[in-house]
Amino acid sequence: MIILTLFLVFLIGVPVAFSLGLVSLGQIFMDGYPLVVVIQRMFTGADSIALTAIPLFILSGNLMYRGGMSQKIVNFADTLLGHFPSGLAMVSILASMFFAAITGSAIAATAAIGGIMIPLMVNKGYEKEFSAPLLACSGSIGPIIPPSIPLLVYGTIANVSVGKLFIGGVLPGIIMGIGLMIYSYFIGKKRHYIGRETKASARDMFKSGKDAILALLMPIIIIGGIMSGAFTPTESAAIAVLYSVIIGMLVYELEIKDIWPVLVDSTKATGQVLIVVAFASLFTWIITVNNIPQAVGAFLSSTVNTKIMLLLIINIILLIAGTFIDTTSAVVIFTPLFLPLVQSFGIDLVHFGLIMAVNLTIGMCTPPLGVCLFVSGSIAKIPLKAQFKDLLPMLMVLIIILLIVTYIPTLTLLLPNLLS
């Protein structure tokens with residue numbers, strides 16, 4: 001009943017954070033708990049040293065974005081892939097992957113790379129209806145490739161190593177990008193999307209790579225430092241901020257006057273994430289004291305007796321949820337619901353975290369929420385419905401990759417196990 005009420009409140013348009021709060025408050029009144037529980041649980045949920053990394057990663061991403069390195073990344077990607085059929089599409093995907101590895105944000109990747117590539121693709125004969133959903137889908141890889149705020153939140157809730165989650169997202173993120181590139185290549189052949197006439201010289205590759213290398217080093221420093229034990233995820237986020245300021249001002253286009261707007265934008269984004277985390281902590285306590293995770297587990301255990309079927313059902317639930325709940329909110333809602341069940345089936349929690357993240361990032365480019373679609377559509381100046389035809393096969397590519405990630409755990413566990 002609590003879960004049903006929550007989704008009904010979602011459907012009438014109440015923001016996710018306040019939906020969680022209203023449903024939790026109503027249940028507290030019904031159960032007779034003192035109101036002081038609300039403050040205690042919200043404070044406890046947000047009072048985590050690991051969550052300190054969230055505003056720092058958001059700030060570092062915004063600093064890099066404001067520093068103007070998106071054009072440097074696009075130039076580097078163009079020298080690598082621009083000569084292939086559908087070259088600009090493949091450049092867009094690779095540039096989005098690079099940018100995602102720096103910012104960890106799907107929306108930032110879609111806006112930054114889409115703002116450069118969509119007008120360029122349209123001028124070269126690509127349809128807007130193809131370009132916009134392609135940038136939305138490639139931008140949605142952001143929360144998979146580290147650093148990743150949804151994986152950080154999941155790791156905090158599930159008590160799983162954030163470093164292992166980050167490194168576990170590398171191969172799935174790369175495979176998602178390669179899958180979209182292969183699709184774009186064949187579409188380019190069919191629609192005669194030609195690439196650059198000549199392949200870039202080694203000198204051009206070296207020059208563009210040199211311009212972008214300092215930005216691309218940031219995720220390597222973060223992951224390498226965490227996995228080597230040199231610093232914690234929170235410390236890595238602080239180092240990322242310092243690194244972003246230094247190279248942004250000394251090498252790229254960041255100026256002193258940009259700092260205040262970046263701080264304001266980062267504070268707003270942090271508030272949006274942490275208010276969801278705080279209310280979700282209260283909601284998690286409510287469903288726990290009412291034994292809802294146990295009830296969900298008992299129901300699924302009685303109807304599902306294989307790991308394959310369980311993961312299929314969870315994928316379906318998360319894919320549907322991801323279409324109208326943002327990624328971080330869905331992580332904090334569904335992690336406590338599914339955690340006891342996946343543990344009882346012996347599913348590795350790092351693997352499950354990546355399954356959840358891939359599911360929910362697909363939702364970022366799926367209507368009706370599809371926030372990346374709205375961003376790319378606004379750049380291309382086309383409505384949401386105009387993107388549907390070319391969007392569907394892209395979503396099918398991502399869903400096939402989701403199934404590969406789900407049923408081949410080696411893809412997510414290989415690197416964490418090698419480097420642990």
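Cβ atoms are placed via backbone N, Cα and C, with glycine included.
All annotation found in TrEMBL is predicted automatically rather than curated by experts.
Feature list (source: TrEMBL):
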DOMAIN    4-410  domain 'TRAP C4-dicarboxylate transport system permease DctM subunit'
TRANSMEM  35-59  transmembrane segment
TRANSMEM  80-99  transmembrane segment
TRANSMEM  105-122  transmembrane segment
TRANSMEM  134-153  transmembrane segment
TRANSMEM  165-186  transmembrane segment
TRANSMEM  212-231  transmembrane segment
TRANSMEM  237-254  transmembrane segment
TRANSMEM  266-288  transmembrane segment
TRANSMEM  308-325  transmembrane segment
TRANSMEM  332-354  transmembrane segment
TRANSMEM  360-379  transmembrane segment
TRANSMEM  391-415  transmembrane segment
Long-range environment of the transmembrane segment (237-254) - Cβ separation under 8 angstroms, sequence gap at least 6: 52-54, 56-57, 59-60, 63-64, 66-69, 72, 147, 214-215, 218, 221-222, 225, 231
The transmembrane segment (105-122) and the transmembrane segment (80-99) contact flag, 3+ Cβ pairs under 8 angstroms: yes
Per Cβ pairs under 8 Å, the stretch of 80-99, 212-231, 308-325 packing most closely against the transmembrane segment (332-354): 308-325
